[in-house]
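The feature phosphothreonine is assigned by Swiss-Prot to T29, with similarity to another entry given as support. Per Swiss-Prot, the feature domain 'N-acetyltransferase' maps to 33-194. Look at Swiss-Prot and you will find H118, H120, L122 tagged as site 'Important for the catalytic mechanism', backed by similarity to another entry. The acetyl-CoA binding site annotation in Swiss-Prot covers L122, A123, V124, Q130, Q131, G132, K133, G134, S135, Y166, E167, K168 and is backed by similarity to another entry. Annotated substrate binding site per Swiss-Prot: L122, M157, in sequence order. As annotated by Swiss-Prot, phosphoserine applies to S203.
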Amino acid sequence: MLSIHPLKPEALHLPLGTSEFLGCQRRHTLPASEFRCLTPEDATSAFEIEREAFISVSGTCPLHLDEIRHFLTLCPELSLGWFEEGCLVAFIIGSLWDKERLTQESLTLHRPGGRTAHLHVLAVHRTFRQQGKGSVLLWRYLHHLGSQPAVRRAVLMCENALVPFYEKFGFQAMGPCAITMGSLTFTELQCSLRCHTFLRRNSGC
């Protein structure tokens, strides 16, 4: 996590007219770039990014607002957000699953005893797209999962056009997903977290 810890300011006696400057200084004490797990308080910001990213393309969202709050309450450690100066710009939300393949139930359930992390959604704010942020976030997220001993693999479903993107991170196609949304069909992919655990242990991160 990249963060800045500002020193406690001393009492200063400054001339009038400096309030705007001080306000600017205070804003600059926020971390320029920070990665952290999300909290239920981040749910609205996450949903706004998700809705804009998915509605125009597929007409539906992977997670509704109440479902985002649900997962961020039950398993915040399976999420990761990228913040720029305190504002959420990209995120991933996951939960645990305890079966080999995804089912309709896996869209809304968190199975605490599961060994599989189900990635429900990866979304990037429109202002920050086409900058590689989704790739950076996914790489960090997989390393984050690799640091959790109970999690053995990650699974997700995506449209066929996105399969090559996820294959670059070690995901392998398992075939058609049993889940459909209207006329949309998906490919199910899985990724062993062993390599990400090894890379994390040997990267000094």
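A Cβ is built for glycine as well, from the same backbone N, Cα and C atoms used for every other residue.
Not measured: the values here are computed from a predicted model.
Structure with Swiss-Prot features highlighted.
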residue	record	DSSP class
H118	site 'Important for the catalytic mechanism'	strand
V124	acetyl-CoA binding site	strand
Q131	acetyl-CoA binding site	coil
M157	substrate binding site	strand
E167	acetyl-CoA binding site	helix
By Cα-Cα distance, the member of binding-site residues V124, Q131, S135, M157, E167 nearest H118 (site 'Important for the catalytic mechanism'): M157
Cα-nearest neighbour of S135 (acetyl-CoA binding site) within the listed recorded positions, H120, L122, M157: L122
Fewest other Cβ within 10 angstroms of its own Cβ, chosen from the recorded positions H118, H120, K133: K133
